[in-house]
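Have a look at the structure below before the remarks.
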Amino acid sequence: MDSFLGLDATILARIQFGFTVSFHFIFPAISIGLASYLAVLNALYLWKRDATYLRLFNFWVKIFAISFAMGVVSGIVMSYQFGTNWSGFSDKAGPVVGPLMAYEVLTAFFLEAGFLGIMLFGRRKVGPGLHMLATLMVAVGTAISATWILSVNSWMQTPQGFGMNEAGQFIPEDWWAIVFTPSFPYRLAHTLTAAYLTTAFIVGGTGAWHLLRGHGHNPGVRTMFSMAMWMIVVTAPLQVMVGHEHGLNTLEHQPVKIAAMEGHFESHPDGAPLILLGLPDQAAGEMRYEISIPHLSSVIFGLGWNGAMEGLDVVPDAEEPPVAVIFWSFRVMVGLGFLMVGAGLWGLWARWRGALYATPMLWRAMVAMGPSGLVAVIAGWITTEVGRQPYVVYGQLRTADAVSPLGASAVGWSLIAFVVIYFTVFGAGVVYLLRLMSKPPELNEREGPDEGPIRTAGLTPHQMVEDGQAGDGQAETGRGAPRPAE
Amino acid sequence: MAIDLTLAWALLLAFAVFTYVVLDGFDLGLGILYPFFPKKQDRDLMMNSVAPVWDGNETWLVLGGGGLFAAFPLAYAIILPATYPLIVAMLLALIFRGVAFEFRWRAGRPFSAWVWDGAFIGGSTLAALCQGMILGTLLQGIEVEGRAYAGGWWDWLTPFTLLCGVSVVAGYALLGACWLNIKTEGGIQARARVAARVAGLATVAGIVGVSAATPFLETAYFERWLAWPGILEVAIVPVLVAALTLWLARALTSGKGPDWLPMLLALGLFLLCFAGLGVSMWPYVIPPAVTLQDAAAPESSQMFMFVGAVVLVPIILAYTAYAYWVFRGKLDPDEGYH
């Protein structure tokens, strides 16, 4: 087998998929939550006629537009990765997963892309009602998209409803069973909640940043911080509960993954300990320097004080996933999850004391935790995807049999190209996002909700992104100020 | 029934790919034309003319790829490894041009604005070139063994595939120029018409070159195009191409007639090329090894998707048309900046 920098084509293809999908998922994780947030802001604005909501809509819609664009272009890459690097998977599992992804395109991608233009640039052209509808359609589209892709992923984790033909292809027999696999509802709930929580921390962190910079008088800053803190105090504990249910489901269907997450190399017939920290040594099959609480793992999984739990010793070594990665990524995710609950409670307490806008320590903590949702989401995906190894379709198709017949150098060089280009292009994108977030949401007094001429001709999309301004009311405000680029 | 469903999917995918070429063709074409419109205000206008619709346009590429994966998984699993470097280059090129739509307005300094203009030009041109070369690779035949690609890593690079690539670049530039002819007025429109004439000439030269080379790639192609008496039937394609070319030349030079006429005629040329491609390749999806039937997904997969596609595609076309309708008409350059 040929190799590239000492790595074979399979591991390179895995690194490439892991890299491109992790990078990609950052943007949907932001845009799923942000699309819903924008729909809420726009609805509140139309309902209460409070310009603060319009100001916030115009502030976040620019950020949404950039992260959505990066999500689209990095997503096109994903739709071709299956064929370029995983042609064995495409040929064999295509009849099952292909139609689900085609439905994602037909029901979600077109919906989002079709209404995005109107959402971004069309408020004046179509009127408030249709603009609200377009904003809602974009938000609904992001959720539909998540539903289909998680259905695909769940089928790969807990496959059912298929037969096999003589060419070794998975043949769909029961579409209902394929779409609704046992892990699907838990995975969907966990991922959507994660996206909302991620967005809440980005919004809250941005609000906290402006509070620290002395913009506490700005009603937009106060409102975004307050809304985010409410969202966190509700969704963070909810996410802990949903995650727990997801874990119980995984124990039922993928016990080996749970053994790796828990770091249980050995079976515990009389109650398994909860290992808080330790150094997994997979070669020796033991946990070094372990700090653990006896019986607690069995209790958490609802098996009782002395509930038996199987360890990695019940499966052959070739069936074990890489333990250290899963053990640590799981702890990162759970640790951040509890910190998020803590942040939510702190915010609630500060609010109860009437000190939400007078607690700089809370603001600092929120700025620090701004990206915590993104880190937790990636850690969670690493846990579940690496935990499925050595299979790509759990128990059915091995990863090594799914890879394309490519030379290691072809995969290696394309991996290098992806890494270099993703870091430069999306790195620049992140700089632009941070630059937008670091400017407080301003409302020009003349940027009246319904004043000014209705534009009848031409389109002016770039006005939407003019600094400190937004599409609405552009006609008579701020036109004299040139963009920095000019 | 199974045969009909496979044929239906072949037609549906052909429709998706053609729609992609029609829609993303002109917006990639704007990127290809950017070097010939160096003034910032012209460039702003060009980008604004497609900013509200470009992601919708690109979604048809995802449907083409996703639909091939779903309805003809074997073809997807062979074509993508066979054109690996082209696919990767196309995807990376699309990243550069896609982010340019947003980043261009965010750039703080003239240098970074210049960088994103360059990304838009390079990305658009490279994506078009790769798409043409992928088509050329498919047309010249892909080596298959069992259920996998069996050719070499440079099979996709031949004079024929390069010719196809350059032709597609020219064709997209033509579409881009015709789009500008619809959306603009005055000086920029006049220059768009000049660009359309040059790109039109190059496109027709490309069509002639590719058509002349194709019959000699495979004996099956030769027999289909040049053997008697079939030639009487297929000859209608080149005859119509010649007629449309003359009409397009007249429309562009006389300056009379509605502004959308050159676009319509250019699309007619594309449609004829597409029909010619169908004549050559039928009934193969990967000539000369894999037929549509060989690559077809099981009936249960095709049926499951077909039901949804029949309902959803008309709805998608309806709201896409609405989005274009909302942003219809000439662009007003004064709207964009002061």
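Backbone N, Cα and C atoms are what each Cβ position is placed from, and that goes for glycine too.
Curation plays no part in TrEMBL annotations; they are all automatic predictions.
Summarising the annotation, TrEMBL assigns transmembrane segment to B:6-37 (among others).
Listed by sequence, the residues of this chain that lie at least six past the ends of the transmembrane segment (B:58-78) yet keep a Cβ under 8 A from its Cβ atoms are 6, 9, 12-13, 16-17, 19-20, 23-24, 94, 98, 142, 144, 147-149, 285-286, 290, 292, 294-297, 301-302, 305. What TrEMBL records for B:58-78 (among others) is transmembrane segment.
Residues annotated as transmembrane segment in TrEMBL: B:84-103 (among others).
Per TrEMBL, the feature transmembrane segment maps to B:115-139 (among others).
Within the chain, the transmembrane segment (B:159-182) has long-range Cβ neighbours (under 8 A, six or more residues past its boundaries) at 22, 25-33, 46, 49-50, 124-125, 128-133, 135-137, 139-140, 188-189, 192-193, 195-196, 199-200, 202-203, 205-207, 209-210, 213, 217, 259-260, 262-263, 266-267, 269-270, 273. According to TrEMBL, the transmembrane segment annotation covers B:159-182 (among others).
Residues or ranges marked as transmembrane segment by TrEMBL: B:194-213 (among others).
Taken from TrEMBL, the feature transmembrane segment applies to B:225-248 (among others).
The transmembrane segment feature in TrEMBL is assigned to B:260-284 (among others). Sequence-distant contacts of the transmembrane segment (B:260-284), counting only residues of its own chain at least 6 positions beyond either end whose CB sits under 8 Å from a CB of the stretch, comprise 14, 18, 21-22, 25-26, 135, 138-139, 171, 174-175, 178-179, 181-182, 193, 196, 200, 203-204, 207, 211, 214, 221, 224-225, 234, 237, 240-241, 244-245, 247-248, 251-252, 290-293.
Feature annotation from TrEMBL assigns transmembrane segment to B:304-327 (among others). With a threshold of 8 Å between CB atoms, the same-chain residues lying at least 6 positions outside the transmembrane segment (B:304-327) that come near it are 5, 8-9, 12, 52-53, 56, 70-71.
Highest Cβ contact count with the transmembrane segment (B:6-37) among the listed stretches B:84-103, B:115-139, B:194-213, B:225-248 falls to B:115-139 (criterion: pairs under 8 Å).
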